[in-house]
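In case it's useful when we look at the structure, here is the feature table from Swiss-Prot:
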BINDING   G8, R9, A10, G11, T12, G13, K14, S15  ATP binding site
BINDING   C791, C1112, C1115, C1121  [4Fe-4S] cluster binding site
Amino acid sequence: MGLKIIYGRAGTGKSTFCINQIKKKINNSPNNKLILLVPEQFTFQTENKVLSAIGERYVLNAEVLSFKRLAHNVFNECGGATRTIMGDAGKSMLIFKVLEDLGDNMTVFKNASRQKGFIDIASKTITEFKKYNVNNEVLDLTINEIEDENLKMKMEELKDVFNEFNSRLHEGYVDEEDQLLLLNEKLDGCSLYDGAEIWIDEFSSFTPNQLSVIGKLLKRAKSVNITLSIDEVNSLKGESDLFVATKNTEKRLMNLIQEEGIAFSGYINLNEDIPYRFKENKELAHIERQLYAYPFKQYRGKNNSLRLYRANNNYDEIEFVAKDILRLVREKQYRFKDISVICRDVDNYEKVVSAIFSEYEIPYYIDKKIDIASNPLIVFINSAVDIISKNWTYESMFKYLKTGLIKEFRGIEGAELIDELENYVLAYGIKGKKWMEEWVNYSSSILKEEEISEENKQRLERLNDIRETIVTPLDEFNKQCKGKKTLKEFATILYEFLDSKLDIMDTLDKYVDYFKENDMAIEAKEYSEVRDIFIDVLEQAVDVLGNEVMDLNEFMKVLNIGLSQYEMGLIPVALDQVNIGDITRIKSRGTKALYIIGVNDGVLPSASKEEGILSDNDREILLEKGISLASDTRTKIFEEQFLVYTAFTIAEEYLVVTYPLADFEGKSQRPSIIVHRLKKILPNVKEESEGFKLVDDKYEKISAKIPTLNELMIAIRKNYDGAEIEDYWKYVYDWYLREPKWKERIEYVRKGLEYTNLENNISKEKAKKLYEDNKNKISLSVSRLERYAQCPFAYYIQYGLKAKDRKIYEFTAPDLGSFMHEILDEFTNEIKEKDLKWSDLSKENCRNIINSLVDNQVKNNKSSILNSSKRYSYFTDRFKRILTKSVMVISEQMKRSDFEIYKNELAFGFSKDVNSIKLDLPSGESFYLNGRIDRVDKLNLDGETYLRIIDYKTGSKKFDLNKFYNGLQMQLLVYLDALINNSENIVENQAMPGAILYFRIDDPILKSKGDLTEEEIKSEVLKELKLEGLLLDDVKVVKAMDNTLEPGTHSLIIPANMKKAGDLGKNKALITMEQFELLRKYVNEKMVEICQNMIEGKIDIEPCKENKNIVCDYCNYSHICQFDSSLEDNRYKVIPKKKDEDIWKSINEKVGGEVNGD
């Protein structure tokens, strides 16, 4: 019976000493009971190390234990195993219920207890109390002595939570912290380890409960040997001492044996001038000794074992590490298992390390836990509950369906069914009760019902079958979950829903089998383990809270709190692989080469200052009152220092320290103080970067197949551009050509050198087939011509290949335009039927008619989107206001005008009134233009008939001569030309152009510094909604458009003003009859030019750019064309800004005639 302390700095061989001692004992006294006690996270590594050193004899004669395993052995031998141990899940669920029940009685934690994450904090505090032997009696005594009122209230409430938790827990359970207390009790009467020889390794500190267990073992064991990382004993140099934690541990151990009257067998000092691990490596030995030495000494010898690398970003950093690892394996004959990569935050680096190491074919194992929240089973359960509790939303439904767990929707065919279903659901706004109803709508319009084709009827039948398959079990589950029930009842309903109704557990088993058959060990373990975790959490929930009455949402809160406590550990899939992990979890054991990545300021050492429920000040007060708890943030800073020291002394032969200049989001980062320290203690070390590397690796670029291929591409490109490249690339190229798997890819590389982002023209025959209708005619609208002028390739994709966006159930700008146009057309018909004149309409007339028309439109189309929600009901009311205001303005415009509305929605190409515009091309083909004019007004004046076109727009629009010239705004001129050419058929005599104008449908918001009279408001509204476009420069015609226009005034309804002399003021909106003729002639030639390019198959990727306005910004096909203005072949069709007079000159030069005016 006695304690022996084995001490030494890092790398002195403490662990090796223990294993050698055990080996010697086995050889000399094979029947002795030998125990090696290590922290839980190191048991696996230690077992491997002992097995490697001692062989199979270790299995029979020695045990590697953690405190948890030790307790398990004692309970099995001496009783106590019957007490069920509550896991973290059950503990958290119980704390949740305790906090909920105490909620209204709490003051300090009343609000905090409802916050996400508080349960974890409360759980940690309870654990801390138990670890440090803080019980109810201790809390009572301490609270009475506390003078600080805030801390007193906090401790009172913590005591209530602590006591209530323990009261409910101990009805049949213990938690892991109780295990040590129970172990302490059982060891008193347990002879299991009597006479054993025990070595305790890898600990830097012990909790009071662990110290108590050690005390009991000391009384029964033959000997207890404890290793501590210490430079020298009995020499604590204050809290900044590097070894402060371990020296305090030594002090506590010495106090323990003194109090218990246990013999001290002395110290074994393993310290030497150069630690055992670094005997052959002076630089690493110098780092171990001087990293935290004050004052420090410098090592000025040659540097071979330390590299510092400054990376541009995380990707550059990990790529450097990957290349260097391959160099070590290739040139230094390292095994992958000899190499470790560590950092302070594995989660941050996991994705980039996985991607790059996989690309470089480096086998690796990431020592971390996986959060199970994203596993398909957990997503499935939460989505199923979300569906029924959140009114069958799209998001929850397709999360549920896309988990791959419903047998009807597994595999490729199942995925296609879900895609078809999703398209329909998005297109028709399926949610809520619509899932319960038969789907009957398949119309293309969101505003009107349409006749359904036979093909679409069959589709609907199939979709309804799918819907039934999905809805039936969910609906039954929904009915079963209604109202309040005990947690046990909810647990039973949920499990039966998953297992009996949907066979989810069977599906999981099939996935596990599939993963095993396909060597997907990680996935097989995940799917198998998550099922067991779910069942375990469900059972714990029933055991702990089974009789608690709650609703479904409360049940899911409890369940998810339990599930959140579980993480799955990944398993190593090979023996020879690089070990990657957090700095706190990886130990030295045989690590020849170590890469410490992410050594940035605030990251390593960590700058975390989370205090938890008890602040540093709280802990200080409690310590004064006799309660010693875990470290405060100040102490943690010094502990972090020791952690850094431990990490930097792991490598036996080679150490690489890297840091990126930018993080994953591109934010700049500074190097850690550790980097500066290394430069000071080893002044000869040179910091490397992408452009400066000290290790001359001639073949660095030849690594794994994919990265080498990438480097080969760069080399071939250089060679293609005339630059010299290394000779070995020829052999690399030949190797890829010889390999069947890579030959095709290398051909792609070669072709890529000749790549241009240009589209070859399609043949005229193909163009005809693509653009002709079923009558072998090419019929199109003006807007389509304008689309071609914007970008020929986008037109080809949209109208040639007929690519369509996924239909979404929403009210878009085109829908709004159609709706407004239709109501205005119906409004005109209505007043005609009632024999009303526009000029006679009152505000009340307008409002009543509009309200009636809109209500009928919505009422008569039950599937209309405007019937779908209160939001759209609001929109409907808003549309009524806008339309009422618009017709009132039109009425006022007509009162002030001698023009009369001749016709609304005048179609050409769709009726006998106006024929399609036929465009005969020079190549012999013909195009036919169809369209619909919103409104045509007519004026008979001095024996002449004048026509003006009004185009209704829901947005602001003005006539832009520059856009017209470039084919981007031709519509009104095309309509005008069609009208004039067909005027004898329409108005029974030859007509002349009067105007082409846009009318904005709106209810404008007026801005004014003061109150306005009703008349002023009316004038401002007329001004805001003034007609915009081109007018015939004829004072009589203009005056007929606004008969209120007087000399010296500006019109409120058209873009014109009159000088005091009575003639018209200068205005670019006014053009002469000859200019109208020029525009008509030019628009025809422009259309012929566009159509000729179209039929010749020109599909250039040539988007228009006008100032900062780029067509690509609003194009749905930019991801197809991959237009890139930085490529030599990709250029915008720039629309230069020109003065109107220059454009008129250009038009005149192109189509002839004379310009009589500006």
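Even glycines carry a Cβ here, placed using N, Cα and C.
For each feature listed, report its degree of burial, its nearest neighbours and the pertinent distances within the displayed model.
DSSP assigns T12 (ATP binding site) to coil in the three-state reduction, outside any helix or strand.
Neighbour count (other Cβ atoms within 10 Å of the Cβ, all protein chains): 26 for C791 ([4Fe-4S] cluster binding site).
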Work out how many Å separate G11 (ATP binding site) and C1112 ([4Fe-4S] cluster binding site) at their Cα atoms, rounded off.
62
Are there any residues at least 6 positions away along the chain from C1121 ([4Fe-4S] cluster binding site) with a Cβ closer than 8 Å to its Cβ? List them or say none.
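Sequence-distant Cβ neighbours: N757, E759, F793, A794, I797, I1101.
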Report, in whole Å, the straight Cα-to-Cα distance of C791 ([4Fe-4S] cluster binding site) from R9 (ATP binding site).
72
Whole-number Å only: compute the distance from the Cα of A10 (ATP binding site) to the Cα of C1115 ([4Fe-4S] cluster binding site).
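If we compare the Cα positions of A10 (ATP binding site) and C1115 ([4Fe-4S] cluster binding site), the gap is 63 Å.
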What residue among the binding-site residues G8, G11, G13 has the most other CB atoms lying within 10 A of its CB?
G11
When you average the Cβ positions of G8, R9, A10, G11, T12, G13, K14, S15 for the ATP site, which other residues in that chain have a Cβ within 8 Å of that mean position?
S229, L270, P275, Y276, R277
For the binding-site residues R9, K14, work out the Cβ neighbour count at 10 Å and name the residue with the minimum.
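Output over binding-site residues R9, K14: least Cβ neighbours within 10 Å is R9.
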Other than C791, C1112, C1115, C1121, which residues of the same chain sit close to [4Fe-4S] cluster? List them in sequence order, counting a residue when its Cβ is within 8 Å of the Cβ centroid of the site.
F793, A794, I1101, P1103, V1111, Y1117, S1118, F1123
Through the lens of DSSP with three states only, how would you label C1112 ([4Fe-4S] cluster binding site)?
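The residue in question, C1112 ([4Fe-4S] cluster binding site), is helix (DSSP, three-state).
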Among the binding-site residues A10, C1115, whose Cβ has the fewest other Cβ atoms within 10 Å?
C1115
If you count other CB atoms within 10 A of each CB, which of T12, S15 wins among these binding-site residues?
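Checking each of T12, S15, the winner is T12.
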